[in-house]
Amino acid sequence: MVNEHLDLSQKQREYWKRNTRIICTLLIIWASVSLVAAIILAIPFSQVQFFGIPLSFWFAQQGSILTFLVLIFYYAKKMDKLDEEYDVQEVILTEEEGESK
Amino acid sequence: MSVEALTLTLVVITFLIYIYIGWRSKVKDTSNFFVAGNEIPAVANGAAIAADWMSAASFISMAGLISFLGYDGTIYLMGWTGGYVLLALLLAPYLRKFGRYTVPDFIGDRYYSNAARAVAAVATIFISLTYVAGQMRGVGIVFSRYLQVDIVIGVLIGMAIVAFFAVLGGMKGITWTQVIQYSILIVAFIIPAAAISLKLTGNPIPQLSLTFSDIAQKLSILQVELGMTEYLAPFTDLSAINVFCVTLALMIGTAGLPHVIIRFYTVKSVRAARWSAGWALLFIALLYTTAPAIGVFAKYNLITSLNDTPIEQAESYNWASKWEETGLLQLDDANGDGVLTFTNGADNEVVIDPDIIVLSTPEVANLAPIVIALVAAGGLAAALSTASGLLLAMSSAVSHDLYYRIFRPDADEKQRLKVGRLMIFLAVMIAGYFGINPPGFVGEVVAFAFGLAAASLFPAILLGIFDKRMNREGAIWGITTGLAFTVVMIALMRSVPVFGTEAPIIESFFGINAQGIGVIGALINFIVSFIVSRRTPAPPEEIQQMVEDIRVPRVSEK
């Protein structure tokens, strides 16, 4: 019983560690497309043409938002898998998914 | 049918729908009243968050603001979307697992302190109140512009509608109304945008025509010729440090806004909380990626149709004469040469209000009157949906956190529900009062709302989840110092409207303006929390266990 409890908390710790690693990676991308590409590197990137507009302008007014969107959906998908791998998904008795009405 | 009659019909129809939904979703218990019984599907919650988030200002003013700021308008675009990444990755899933009703609930429980709970409740009320005043005003303005109804009567009608479905249906009524309101506002925003995009570039998808056509380049060159700033060049209107800090402050502030956070309590599961953040940003991004395109197209169109145009010809456009009447557009052939000149200098003869960018687009693009009516209904939907979300956040902070959790822990279900309804009714009255008598510095208080959310709530929640060692002392000191710094700085920088001084007491904090100061406030909060917490006792065992519990989706078996 004690051993089982220890295993459980160890498993949870590992789950948490992997989760935080995913979060860090995604936040680095988050900062690179917004704060870096559209602000810190705005001047050099405005010399680079991206179709009809400068690259930095595209990141500032379109690309960053699209990337944010991909990041959130990727995280939701990735965490669904991680929950399953560590067997920590929640058990909902009434309905199996959170999606359907 | 005339445009007014069409608008009136459409507005009445949408209001009847809101009332019907409110009636259908009437609730009988506190769980349904505060968090819609945790049974909102992820996609619907996404739409409700989007409607909650996009206010009258996002709908009517943002595209215009961006078109005047050019590149630097990105502070709003990235600032008001980037926060959702922080919410989805750092806060939403864990707060859903915690599974209570409000933001002060989490802060009070996690830091085992009613003082922290009270501070969080007061911050929630203040943030929401500053925000809601503008929404009620927005309702009145839409009514007066489109239906020639007095602003006061417009505000009163808006109050009656919101009060009806919010008092009756609480969070449940608000959520389902917001889903409908989102649908109306997004259709109303996209149709004129697609039409003007098609007219100017031959491509109806605004996002694509902004990227692939040469219209942005043309506008940029045109602006330089007329002595305005280069549209596509960064940092022409704001300094680089300000663009950086304001963007980051709006991102962090967004993630700390109580009325957005509580929406994540309404879904069924941790998993649904993660997905609904994605849906929310998808729905928001539809408007936020369209807005910069409208900004470019409408401004290009306005400049080319007015500059170097004989004044008689300009005034013969029916949209020009209509918007001239409202004062949003001023045409004045000052030098008497019979031709209008559009420049940045003293010889400018065309004055345009930023709001006209969105409002005039349907007429400029020659769309049917029904679209104009739809834009009016969309503006009302945007204002009402944001107002209702804010009202619920405010009333739950009073009735749940202050009344039930602090003063009357023995109150029963019936009493709590009664107080909840009463508080939301009271909040509608207060919001309406500020809508009719707006404080002189309405525009300034929005900087307060984001600054306060960034400097107080966001760091406290984040540390509560990710730093198990964070304790009561650290959190309270962090919130207090972050908050104090931010409030003092904004008040000093905006002393002209706040205290009535002749010049600002300080211009900026090392080059950072009032909108961006929340970043420094948040940083101070983080640093102070960390130092104080490491010099004071660790939180009790059961709190550390609670932190372990909220980190995993599954409910632990005790």
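Each residue, glycine too, has its Cβ placed from N, Cα and C.
Copied over from TrEMBL, here are the features:
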- B:6-23: transmembrane segment (TRANSMEM)
- B:43-69: transmembrane segment (TRANSMEM)
- B:75-95: transmembrane segment (TRANSMEM)
- B:115-134: transmembrane segment (TRANSMEM)
- B:179-198: transmembrane segment (TRANSMEM)
- B:240-265: transmembrane segment (TRANSMEM)
- B:277-298: transmembrane segment (TRANSMEM)
- B:370-398: transmembrane segment (TRANSMEM)
- B:419-436: transmembrane segment (TRANSMEM)
- B:442-463: transmembrane segment (TRANSMEM)
- B:475-492: transmembrane segment (TRANSMEM)
- B:512-532: transmembrane segment (TRANSMEM)
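Taking residue pairs at least 6 apart in sequence, the transmembrane segment (B:240-265) and the transmembrane segment (B:512-532) share three or more C-beta contacts under 8 angstroms. Packing against the transmembrane segment (B:115-134) from elsewhere in the chain are residues 55-57, 102-105, 107-109, 257-259, 386-387, 390-391, 393-394, 397-398, 401-402, 405-406, 427, 430-431, 434-435, 438-439, 442, 445-446, 448-449, 452-453, 456-457, 460, 472, 475-476, 479-480, 483: each is 6 or more residues past its ends and has a CB under 8 Å from a CB in it. Within the chain carrying the transmembrane segment (B:419-436), a Cβ under 8 angstroms from the stretch's Cβ atoms is held by residues 30, 33-34, 129, 132-133, 135-137, 139-140, 151-152, 155-156, 158-159, 162-163, 166-167, 170, 387, 390-392, 394-396, 398-400, 403-404, 411, all 6 or more beyond its ends.
Tertiary neighbourhood of the transmembrane segment (B:240-265): same-chain residues 34-35, 38, 45, 48-49, 52-53, 72, 74-76, 78-80, 82-84, 86-87, 90-92, 95-96, 99-103, 123-124, 127-128, 131, 171, 175, 234, 273, 276-277, 389-390, 392-393, 396-397, 449-454, 456-458, 461, 511-513, 515-520, 522, selected by CB-CB distance under 8 Å and a gap of 6+ residues from either end.
It is B:370-398 that, among the stretches B:75-95, B:179-198, B:277-298, B:370-398, B:475-492, forms the most Cβ pairs under 8 Å with the transmembrane segment (B:6-23). For the transmembrane segment (B:75-95), the residues of the chain that approach it from at least six positions outside its boundaries are 53, 58, 62, 65-66, 69, 106, 238, 243, 246-255, 260-261, 264-265, 270, 273-274, 276-278, 280-281, 284-285, 288, 291-292, 458, 461-462, 465-466, 515, 550-551, 553, judged by C-beta separation under 8 angstroms. Sequence-distant contacts of the transmembrane segment (B:370-398), counting only residues of its own chain at least 6 positions beyond either end whose CB sits under 8 Å from a CB of the stretch, comprise 3, 6-7, 9-11, 14, 18, 34, 48, 51-56, 58-60, 101-104, 121, 124-125, 128-129, 131-132, 135-136, 138-139, 142-143, 145-147, 158, 161-162, 165-166, 170-171, 174, 177-178, 180-182, 184-189, 191-192, 195, 258-260, 262-263, 358-359, 362-363, 420, 423-424, 426-428, 431.
Within the chain, the transmembrane segment (B:475-492) has long-range Cβ neighbours (under 8 A, six or more residues past its boundaries) at 107, 110-111, 113, 115-116, 119-120, 123, 444, 447-448, 451-452, 454-456, 459-460, 463-464, 498-499, 504-506, 509, 514, 517-518, 520-522, 524-526, 528-530, 532-533.
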